[in-house]
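Reviewing the structure listed below.
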Amino acid sequence: MTNIAMIGFGGVGQALVEILEEKRESLSNQHGLESKVVAVADLMKGAVYDKNGLDVQTLLECVRKDGSVETYPDGPDVVKGMSSIDTIEQTNADMIVEVTFTDVKTGEPAITHCKRAFASRKSVVTTNKGPIALAYKELDEMARENGVFFGFEGTVMSGTPALRMPEETLAGNEITRISGILNGTTNYILTEMEKGKSYKEALEQAQSYGYAEADPTNDVEGYDARYKVAILANYLMDAPLDYRDVTVKGISDMTIEDVQEALGNGQKWKLIGKVERQEDGSVIGSVKPEKVEGTHPLAGVTGATNAILYECDLLGPVLLTGAGAGRKETGFSLLIDLIHYQKERKLQTS
Ligand code: HSE
C-alpha cells in the first residue's frame with residue numbers, strides 16, 4: 001500500500017486523485033498499485049490528515065463546495081491545519097505528490113519540499129518545472145542517496161512521455177539533437193494566425209481556453225519552453241545546462257503578415273526549443289521562432305498540441321506528439337510516475 005500526501009491541491013492534484021479513484025481496480029490488478037490519500041496540504045485550501053486514509057469523495061466534495069479541505073468531517077484520527085513541511089515529514093505518507101503553486105524562477109517552495117521529503121526518506125512525484133530546471137542534479141543525487149523515487153514526467157509535455165520514452169525505449173542510442181514545439185499556447189496562437197486571426201485575438205482565445213497563463217509572458221516570450229529545454233538537456237543529454245544560458249526569443253512581435261507570407265510559400269512559423277550536442281561535446285540550447293518547410297516533421301503540428309523530435313545515432317529521427325498541458329493529461333503524468341514507482345518497489349522486494 002502506498003500512502004500519498006498531496007502537497008498542493010489544485011486542478012492537477014485533484015485530477016490525479018480522481019483518476020486513482022476511477023481506476024482503482026485496474027491499477028491494482030494490472031500494476032499492483034494500491035494507494036490511499038492520507039493527507040492534503042495546500043496554502044489556500046488548508047490541510048487535513050488521517051493516518052488511516054481520507055475518504056476521497058468527501059475530500060473532493062469539500063474542495064468543490066467550500067474551496068477548503070478543512071471542512072472535511074472530524075474523526076478520531078483526523079488532524080487539520082498542518083503545514084506542508086509537517087505533512088511531508090510527520091505523516092505516515094511514503095509518497096509526496098508535489099503540485100504546489102511554485103515560482104518557476106526560484107523553484108520554491110517545490111525545491112524545499114523535495115529536499116525535505118528525500119531527507120525523510122520519502123519519494124516524490126512532481127509536475128513543477130522549477131526543481132528539475134534549476135536543481136536536477138542535486139535533487140537526483142539526494143533521492144538516490146536516500147533510496148527513494150523521484151518522478152517528474154509531467155514537467156515536459158504533461159503526460160506525453162517526452163522524458164521516459166527516450167530514456168527507456170530509445171536507450172542505447174546517442175541523442176544528438178532534440179527539437180520540439182514545447183509550448184501549447186504559442187503553437188495555438190501561430191495556428192490561429194494562419195487562419196487569419198490577429199496575434200491579440202489569438203492570444204485572447206488561448207487565454208479563454210485556459211492554455212495560456214493568467215500572465216501569458218512566460219508562454220509568448222518563450223520562457224516556459226526555455227525551462228523545458230533546460231530539463232531535456234539535464235535529464236536526457238546529461239548536460240548541466242543552466243536555463244539562463246538557453247537563448248530565448250518569443251513570438252510577441254510576430255505579425256499576421258509574417259505568418260501569412262510563410263504560408264503562401266508553403267512554410268510555417270513554429271516556436272522551436274532545441275538542445276544540440278556540439279562537436280566538442282558541449283550542449284547548447286535555444287528557443288526561437290523558426291520558419292520551417294511544410295514537409296518538416298513539426299510543420300503539421302497544430303493548435304495547442306506539442307511535439308518533440310529526437311535525433312538518434314542508431315534509429316535516426318523519432319517524432320513524439322501529444323498533449324502538452326491540461327488537467328487530466330498532467331494528472332496522468334503523475335499516475336505514470338506512480339506506476340513506475342510501484343514497478344521499482346516490486347523489483348526491490350522480489
Ligand atoms: N502554458 C503552458 C503551455 C502549459 O501553453 O504549454 C504547460 O507548461
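Each Cβ is built from the backbone N, Cα and C atoms, and glycine gets one as well.
Predicted automatically and left uncurated, TrEMBL annotations should be read as such.
As recorded in TrEMBL:
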- G8, F9, G10, G11, V12, G13: NADP(+) binding site (BINDING)
- K129: NADPH binding site (BINDING)
- 161-339: domain 'Homoserine dehydrogenase catalytic' (DOMAIN)
- E213: L-homoserine binding site (BINDING)
- K228: active site, proton donor (ACT_SITE)
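A map of TrEMBL features onto the structure.
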residue: G8; record: NADP(+) binding site; contacts (Cβ under 8 Å, 6+ apart): A41, D42, L43, V97, E98, V99, T100, F101
residue: F9; record: NADP(+) binding site; contacts (Cβ under 8 Å, 6+ apart): V40, A41, D42, K45, V63, V69, V99
residue: G10; record: NADP(+) binding site; contacts (Cβ under 8 Å, 6+ apart): D42, V99, F101
residue: G11; record: NADP(+) binding site; contacts (Cβ under 8 Å, 6+ apart): R327
residue: V12; record: NADP(+) binding site; contacts (Cβ under 8 Å, 6+ apart): V99, T127, G154, R327, T330, G331, L334
residue: G13; record: NADP(+) binding site; contacts (Cβ under 8 Å, 6+ apart): M6, V40, D42, V97, V99, G331
residue: K129; record: NADPH binding site; contacts (Cβ under 8 Å, 6+ apart): V104, T155, V156, D224, Y227, K228, I231
residue: E213; record: L-homoserine binding site; contacts (Cβ under 8 Å, 6+ apart): T185, D219, D224
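If you average pLDDT over the domain 'Homoserine dehydrogenase catalytic' (161-339) in this model, you get 96. DSSP classifies G11 (NADP(+) binding site) as helix under the three-state reduction.
Cβ atoms within 8 Å of the centroid of the Cβ atoms of G8, F9, G10, G11, V12, G13 (the NADP(+) site) belong to the same-chain residues M6, Q14, A15, D42, V99, site residues excluded. In the shown protein chains, 29 other C-beta atoms lie within 10 A of the C-beta of K228 (active site, proton donor).
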